[in-house]
Every structure is written in structure tokens, then in C-alpha cells.
Amino acid sequence: MQKAYWFDQINVTGAWRQLGLNISDPQRQLSDVVIAVTDSGSLVDHGDLIGSFWNNPDEIDGDLTDNDGNTYIDDFYGASFSAPSCSITNNTTRCGIGRNTSSWNGIIDRVLHGTKIAGIIGAEPNNDFGLAGMAPNLRQMILKVTDETFGIGDATFPFSDIVRAVDYAYGKGARIFSMSFGPNAKTGMTAASKPGLDAASSAYQTLFTKYDSALFVAAAGNEWTNLDTIRAKNYSYPPCTVGTPNVICVGATTVNDTIFYTFQMNQDIGTNWGPNTVDMSAPGMDIYTTDSPFNGNFSTVSGTSYSTPMVAAAAGLVLSALGGQTRATPQTPALIKNILVTNGDNLQSLQGYFRSGRRLNVGNAVAAALVLARTNRTSVQLSRRFGNPLATGLSFQGWEYTWWKGAYADGRFDSSDASYTFADFHVRNQPTSSFSNLRYGSGYKLMATAWARIDTAGFYSIQFRSTNLSPKNWQLTVGENPLVWTLTDNTLGTVDLIFPEAGYYNMTLWMYPDNSTSTINFLWQTPGNASVWWNPPLNWVIQDTADTGRYYDPNLTPKPALWHVVWNETDSWTNFSSPDSKAYFALNKDPGLYRTMQTTVSDFFFPSGNDLKNALYGINGMPSNSQTVLYGYARANLRPTNYTTAMSFRLQGPNTRLYINDQVVFDFQSNSSNMIVTPCVTLQSNVPHEIYYYFAARINATNPVALTWAQCNGTTAFGGNSGVYTSMNTSLATSYFWIPTSISNLPRGFRCDAWAANYTRLGTTLPYGTPSNLTWMYPRDCPDAYKSGSECRMQTKLKDLFPDVTWPLWNIRCFTYYAGSITNGTTGAAIPNGVIFQHLAGARVFNQAIDGSRYNCAPYNTRFPSGQNQPYQLYVIEWVAQSPQWNTAAAQTIFDGVTDSNGNSYILTTNSTAMILPVAALGNFNPLAVV
């Protein structure tokens, strides 16, 4: 037996051990679970697959009789539904699949796709032959559905035949279906193909809804395409994108636990992805499995076709742990999906590509299933840790509401539905998880999010009570778990949970309100109050440490006491008047929303709109084109301080919102008042805290625009007994800025570092200070071909600098401290398929995604103070290699936002006047360690 890398990577042995699989008799059937392999069939006489197939208990194999009366003779292992011979219009009596049926009906796996899948699921271990399948103690049913009319190389998967196959298999007891097929995400999304895609999606939607006690495991496909983008264009990728809760869409990873990608025959090949569409991943590269004797009985294959049966096999093992398929109910598929998605290994390299950044860990999944089976409680995944727990046990932050308007289609609970468009955003500082008096009703979709602070680990229960709200029209997620409820009726249900450790747990409520009177209330039972249902209070403790330093931050000290202000201009107040707010800060801290101007100020206290204007534009400066409303954010960091009392914050606006360490503290939108005072907020002592203060103001307003604070005198009431509200400026130490005492002897330009990449860190470069393999500086080490006087154009290739280095993959980071702007707010990069990031003052201002799509969001204009107090912002550029092309062909080309008369982009050139570096950034040109 060859033990493939993925077997240990996803912890199959751990699952076997917990289920009590007898390693000396691994095919001994321990459960009634059947996995229906919906594919091209299987070679039933393959030596490593014998004994793995389902046996029809109502059929006698080989007697040439339809014993169970379903028209299929000798359907002992399954049946064929494949055109042309087994289409619905032909005589299906000859379409059974058994031990010897191929001798008289000619049905075999000519495509061999299904045979390869069958090996991953059920190949026999410990037989000195081939490999070990994941679930040899279960059984797999053969459903042949490929249409081979035009040859095996052009076999297709007609949805009408798949519907017949699922009808058959579900009736025979199968509750897990492996489906490694789908359209072509690059060439199949056309106007001509859309009716067929829609018809397939509709058929699968009906089918999966009909069989709601089964789980359908679908492949994400291999076209290296973002399926969220496809859905946003109103196309579908069935069955992966079918919007029923009993579908799980699977992407692929590599031997090195990164997203599966390769470049072959001059094209990108790799897993499709989508953080709102593809649920999780499993190994899908270089998978050793069963094959035809003509291919030596075994071969190595790649793609989501082979990660999908891993998840299907894992689902079968989880269902076994839950009691087997005879105990499956309409709630069971969602439970299995939750367990698989939330108990994988959380990998940095997968974040942002799949709904869960986790790769399958079947051992962890089976362990979680056994806990659920014993306790009837689901274990919830922690979102964020904090410092010392409090005595309160459970509390909430304010709920953030995002609304979309559109036409209800498949009821998916995500933001990638093309039939809905953004409508509104607001925060409710409500001390309960009760949702009523909604702003909108029918025709809208709501996403409400908050952090639940759990101070005591243990057993918790949640109860929902709803009115005028259909049960299929809402979903509550805690941690990473969409909750599965035990229903008393459609208006009342409970769920029992385990919170394994103290910390913050993200909560998200999705809702399609039936009307504006729809309500839902979530009550809790906690370890300290397990007999009473109650609503937790709001949380006013900021105890975890801020993310005050990104991985690329040189973290220079001392940090300056300043506010970084980024804003836009508009000519109307209508967009900001409550209750019809269109939410100028709809997507929190998305720098793409605030990019007209940036500056720094020493204090964020302005007695009037005119004072705010003068601070941002200079005395007598004005917004462009007679604009009268300014909106944006001010960011600063509080230096570590010993807080002897809680602090109250005064928000003056009247449209303002305060976040500390990414936690919403207060939202203030009012037509009648210009100020609000928060309750007392406890800040953890001796750690930095990051503040974002969102604002909107008229430049001709007479009311103040400000954020100030005061020590509390023991009260937590609004407008309570606090001290005098004062400026925060003496307590600031803001990251990503530098104000040197002198610049005369400082290095100029960019410092660059390169690392020979390993596959586990293709998402970002390494933390600042990590020794690099290569180091150089611009303009000092600029190749002659790219010199512009004493400066350097940013367009060199790695081979131009280090011709002897032949890394197949690599990462590069260049940084400087910059007093200027990115012209027109637009930059870019000329590179092959890969990832590039640009960061300015701690915010990502340019992103080229893994598929080559680009996103610009840099400020257009910068007005920093000059002279002795001139601030310089950290400017970082990262290249993350994805292809061996990069070694010789990839230019580090950065555009500066300016184009010539022909539309050609100019190259970013170093600026020794505006770009400075600390002395410690000086590095040798020679490689530090060539590898």
C-alpha cells in the first residue's frame, strides 16, 4: 500500500481510531452509511476496490432477475443512468451494475473518472496493494451518469440523468452524494449557455430540496475562477452554487497546504474559489488513487474532482459518528456541513479564498461529531481572544445592520447575490439580541453582525422566538457555525452549544423579512443562569490588544501624536440624514470609500464645520467644486497607559461612529441632536488601542465636530457623572507614521527584501525583521536601464539584479516613508498571474487578486504639514509569487497613476525628496544567503 501524503494531512487515522475501526479488518462494515458516487461508474473488479461497494439487500447478484422490481436487473452495486444506452427513453432493465453485469450489458467505467474517485473513498487498506481509502468501513454506491455519446473524452453530466440517479440512490438509502462535475467557469458563462445553466440549477434546487435529509458534496471546479464573481454576474455554477443548506462546495489545496494552482500549456489551472460560495477545501493536488490496469492500476491526479470525494468520505464518517443514515433528518446535512467546515485546520494561505479558511481535518470532524452525539451540543469556534475574563459571563457589542434591496431568488445567506444591491447600513446600540421595528421589510435582505463576549467557557443554550418570519428566511451563525435548531414550531426553537474557551465569538443574523413587522428575539441560558432565558447586556469593556502593527511595519519609535484623517466630499446632506441614511461608512474601514483627500491633525476637536474645513484644507482652503459636506474617518492609536478608571467618550457630529480595536463602541445618527456621551468604557491598561472615528459634517455648520474623553466617576449611564471632557492628543502614539527630528542624513528611496518562498506563506510576505535571502535599495542599486537621472523607475526584474538566483517561487517587499500621494488615487502592477499589495499608512490601497483582478483605493491628494513636523507615511509594496514565470519574466513594475496622451501608464519613480528611510534600513546589495 502507498500511503499518500493527504492521508496523514487530513488525519484519517485519527478518525478511524475514534470510530473504533479494526485495522486488521478495515473493511468490516461498522455503519449503515452509503456514499453515492455520482460519476462515470467504477471498475468493480479492481483489486483495491473489491469489498468497498454497497450491496443491494433486495437484489440477488448474478441471477439476471429484477428481484426488487425497480426495472434494473442485478443492480447489486448500483445502476447506470448514462446516455445513450441507459437514458430514460431506452430499456433500463439492462442498466444494473453488479459483480459481472458488464459481461452482458457492457456497462463499465470507460472514462475512469469514477474509478479514481472510488479509490479515494473506499480502497482497501493493508492489502499490500495500492492505497488506503478514507472510509473502507462504509460502502459506496455506483451511479453512472456520464453521457458518452460523443466519446469518453467528451463525456458530459446531463442533469436530467443525475436527477434520476439521485431518485434511485435516495430510495435505496444513500444520504451522502459525491458530485465531481460542473460547467466550465471560464468558457461556459455565456448568454447562449445561461438558459441551460439556469435549468440545471433549478432542477438541482428542486432535487436537493426534495431530499433534504441528504448531503450533496459538489466540486468547485478547476478553471482558476472566482465563483463569487460569476454569481455577481447572475450566472450559476451548478451544482456547487445551488442555494440549499444541504450542499457543500469543495475547493482544492496542495501538498504544501496552499490553494491549488499550476500553470500548464500556457493557461492557469487551479481550484475555483469564492469566499461566499466555496465552503471549504481538501487536498486536490497529486492524489494517488485507483485507475485502469492499462495505466498500471493506479495513477496520480489533480483537481477538485478528487478533493470532493475526500469531503464526501469525511461526511460519511461524521454521519456514522452521529448514529448512521437511518437517523438522518432534515437537520442532519447542516450539522454535518457545520462540523466539516468548522473543524478543519485553519490555514493562513487559504484566508479570503473560501467561506472557511480551513482545510479538511477528518479526525477533528469525527471528534466533534462524537461530542454532538453524546451531548446534543455543538462546539463553537472562537473568533478572537482577549485578556482576563470578567464576571459578567456574556455580553454583546452593538449590532451592525447591512441592508440589500432586491428580488428573493434562492435564499442564500451571503452578499454575492446579483439580484440584490446595497441599500443601507446602521448600528443599533441595543442591549439585547432582539430584532424588531426593522427599517425595511419584504424585498430586502438583512445582515446583522456583532461580537458576543463569552467570559465563562461552558454549556450555553439559545432560544429563538419569532413572529411574521418564515423559518427558511433567516439564519443565525455563531463563531463559524450556522446554527441548527430543535424546533417546537416555526416560531420557537432552541440550540445547545459548547463555548470551549473565553473570548469573542462573531454572531451574524441573515434575514429576508416577510414584512416590516417581522421580529425575532434570541434569549440565552448561561452556565451561571441555566434555568432562566434572558437577554445579555451591552459590553463596555475593551480588553484585547489592538492590531497596531501590521506584519510589514518597521514599528519606528517614538510614534507621533497625530490623527490620520481620510475623507471624501459631496454636495448634499441627504445621504446622511437619519432614518434614510445610505451609510457613508457602509463597509467599515474599507479605504476605497474614503479617497479624495488625506492629512494629519494634532487633535480631533473642531468647534465648527468651518474649523474642520480649515484644519483639513488649510486656512481659506476649500473643497473642490463648491462641495459642502465632508465625510470620512480619523484614525489614531492610544499609547499604552495605566487606566485607573473607565473612560467616557463624547461624540460630536451629529453623524459619527466610534470603534476601538475593531469593536463598535457607539453609533450616533440624529436629526435633532449634535452630541452623545457614551457609557463608561473600560480600557485594558498598558496596551495600545486603535481608534477609528467616522464622521460627516457640513462645512458651514456651527456645531462642533469632535471626539473627546473624560474619566468616569463610577457610573455607566448615558450622559453619566463623568469628569470634564478633554482632548486625547497627549495620549496618542499613532502607527504607520514617522516624524524624524532631522532628515538630512537619512537614506532615500525604497528598501527591498526577497525571500525564497515556500508554499505556506503565499498570502503575504514575512514579518518585518525576518532575515531575507536578498536585499537591495532603490535608487542606490538601480540597473542602468531603469535609471532616471539620480532616481530609479520601479520596473526591474529579479534576474536584472541577481542573475544567478533561480528560485521557482519567491516573495518581495519594498518599503519607504513617503510624504506624497499616489497620483489620481490609481496605481497598478505589470506582473504575470499572482498577487500584489500596496499599503499606505496601514491601509491596503491596491490589491491584485489571485486571478489578476485589481482594486485601487488610494487617496487622490495628500496635504501633510511641512517643516519640522512633516509626517511621513509608511508605503509598502508586496509581490507574492504564484508561478515559476516570476523568476525570469516578472517585472516589479509599479504605475504611478499618470497616463500619457495614448493612455499608457507611467512608471512610479523614486523621489528622494519625499521618500525617506531609517538608517537601520540600509542593507547590503549582495545576497544575505543565496538558497
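Glycine too: its Cβ is placed from the backbone N, Cα and C atoms.
Sequence annotations record features per position, and here TrEMBL assigns domain 'Peptidase S8/S53' to 32-347.
TrEMBL lists ASP39 (among others) with the feature active site, charge relay system. Sequence-distant contacts (6 or more apart, same chain, Cβ under 8 Å) of ASP39 (active site, charge relay system) comprise HIS113, GLY114, ILE117, LEU143, LYS144, VAL145, THR146, SER178, MET179, SER180, PHE181.
The active site, charge relay system annotation in TrEMBL covers HIS113 (among others). The local packing around HIS113 (active site, charge relay system), expressed as other Cβ atoms within 10 Å of its Cβ over all shown chains, amounts to 24.
The feature active site, charge relay system is assigned by TrEMBL to SER305 (among others). Shown in sequence order, HIS113, LYS116, ILE117, SER180, PHE181, ALA219, ASN222, GLY284 are the residues of the chain, 6+ apart in sequence, with a C-beta less than 8 angstroms from the C-beta of SER305 (active site, charge relay system).
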Predicted model, mean pLDDT over the domain 'Peptidase S8/S53' (32-347): 93
